[in-house]
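**Student:** Structure below; questions to follow.
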Amino acid sequence: MKTIDQLLADGVAGKRVFVRADLNVPLDGTTITDDGRIRAVQPTIAKLAEAGARVVVASHLGRPKGAPDPAFSLAPAAARLGELLGTHVEFATDTVGESATAAVAGLEDGQVAVLENLRFNAGETSKDDAERGAFADRLAALADVYVGDGFGAVHRKHASVFDLPARLPHAAGFLIATEVGVLKKLTEDVSRPYVVVLGGAKVSDKLGVIDHLLEKADRILIGGGMAYTFLKAQGHEVGISLLQEDQVPAVREYLERAKAKGVEFVLPVDVLVSSEFPDLKTKAPANPAVVAADAIPADQEGLDIGPETRLLYASKLADAATVFWNGPMGVFEHPDYAEGTKAVAQALVDSPAFSVVGGGDSAAAVRILGFDEKAFGHISTGGGASLEYLEGKTLPGLAALED
Ligand SMILES: Nc1ncnc2c1ncn2[C@@H]1O[C@H](COP(=O)(O)OP(=O)(O)OP(=O)(O)O)[C@@H](O)[C@H]1O
Ligand SMILES: O=C(O)[C@H](O)COP(=O)(O)O
């Protein structure tokens with residue numbers, strides 16, 4: 001894989017360099033609640049600009065449906081990038097249209113432009129190779145060189161991640177190099193006990209990794225939206241909680257296999273429930289109730305792990321030598337459901353274990369809840385991406401950067 005250092009050594013002055021970043025930051029309206037992913041890619045953009053490149057930054061944000069949707073505009077992220085770089089950043093109001101073409105044509109050496117959300121174009125995420133390829137052709141027309149640095153999206157076979165680097169000379173940015181360097185260590189000689197904590201909301205995306213973790217981890221703690229599919233697999237009712245019904249048989253098999261292999265699965269013993277999802281805008285008090293995990297009422301939704309589970313999980317993390325954590329333990333964006341995530345973060349801070357926290361929201365949660373990033377071994381910008389890396393899968397966005 002060519003590194004950005006080699007690219008810089010070859011010289012980039014005057015060249016249009018396309019940086020595929022992951023600027024998929026959490027937003028409250030148009031306010032960025034955590035800019036970690038922007039800060040993470042800043043060194044690559046800054047270095048290229050310093051070297052005289054005309055830098056074209058592109059990213060997705062959220063999951064719009066292949067057409068423009070102002071709620072998913074990258075304008076706030078572009079503005080924040082400009083603040084961090086201390087320079088004007090031009091924002092194109094489309095991705096491959098007139099605005100993008102003009103913004104790129106107007107760039108002088110050392111200047112930066114950000115394109116509008118890649119996913120406003122159906123070609124970006126299309127399963128059809130020709131449709132993706134046609135969109136990648138249009139992106140390729142905007143640049144001379146490609147730098148992949150959107151680690152959080154390297155597990156996606158999308159036009160800007162997978163098809164575009166095949167059309168341009170390419171290299172990996174600083175962020176991808178760092179992320180891969182740390183995660184590689186977890187696939188090699190890991191210090192034990194190796195404890196994995198899984199939570200979050202993208203349950204269907206992430207259940208598959210457990211298959212692989214059963215071969216690697218000594219202990220697996222399950223929280224967040226992930227927990228309810230496990231509780232259901234154990235025969236408990238989960239009310240209106242997040243549930244991946246079609247995965248229940250697979251999860252049952254994971255639980256059996258774990259027992260046979262001596263891998264300890266730890267599930268919540270109590271949860272915080274409510275009859276409605278909290279208002280994340282007003283943060284109005286939600287007054288959740290604590291119930292045993294095997295007694296969730298039919299009209300209630302589990303939204304955080306409960307107090308007993310917090311203590312249990314802290315004790316299960318105390319003797320770890322290595323921890324990988326992806327996915328918040330609850331809807332941490334609301335203060336009434338943040339305690340579970342806080343407890344896991346605090347347990348990692350208190351433990352001497354080498355800890356890797358992976359995921360856009362997981363990393364944001366740690367910072368928003370006031371923890372010092374330096375107290376963790378590594379905070380990864382990729383959740384799904386880091387899990388799939390650990391699974392040993394070929395990641396389209398990394399494979400595409402190979403020579
Ligand atoms: N019990 C729950 N029910 C519903 N949503 C939950 C629950 N617990 C956590 N969440 C939500 O999960 C979301 C984060 O999940 P997600 O799987 O996206 O993690 P992530 O760290 O961002 O990983 P990635 O980078 O792959 O997106 C948060 O917005 C949080 O509110
Ligand atoms: O948040 C993430 O995990 C990345 O930005 C990828 O987003 P996606 O899951 O919508 O592809």
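From the backbone N, Cα and C atoms, a Cβ is placed for every residue, glycine too.
TrEMBL labels come from automatic prediction, so no person has curated them.
Here the structure is a predicted model, which means the values were calculated and not measured.
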**Student:** Need one residue: from Arg119, Arg192, Arg219, the one TrEMBL lists with Asp22, Leu23, Asn24, Arg37, His60, Leu61, Gly62, Arg63, Arg156 for substrate.
**Tutor:** Arg119
**Student:** For His60 (substrate binding site), which of the three DSSP-derived states applies: helix, strand, or coil?
**Tutor:** coil
**Student:** Using Cβ-Cβ distances, find the residues under 8 Å from Gly359 (ATP binding site) that belong to the same chain and are at least 6 apart in sequence, listing them in sequence order.
**Tutor:** Gly200, Asn326, Gly327, Ser380, Gly382, Gly383, Gly384, Ser386
**Student:** Would you work out the biggest C-alpha to C-alpha distance among Lys206, Gly302, Glu333, Gly359, Gly360, Asp361, Ser362, the residues that bind ATP according to the record, and give it in angstrom as a whole number?
**Tutor:** 22
**Student:** Return the members of Asp22, Asn24, Gly62, Arg119, Gly360 (the binding-site residues) with CB less than 6 angstroms from at least one atom of ligand 2, or none.
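**Tutor:** What lies within reach of ligand 2, judged by Cβ under 6 Å, is Asp22, Asn24, Gly360.
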**Student:** Return the members of Asp22, Asn24, Gly359, Gly360, Asp361, Ser362 (the binding-site residues) with CB less than 6 angstroms from at least one atom of ligand 1, or none.
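**Tutor:** What lies within reach of ligand 1, judged by Cβ under 6 Å, is Gly359, Gly360, Asp361, Ser362.
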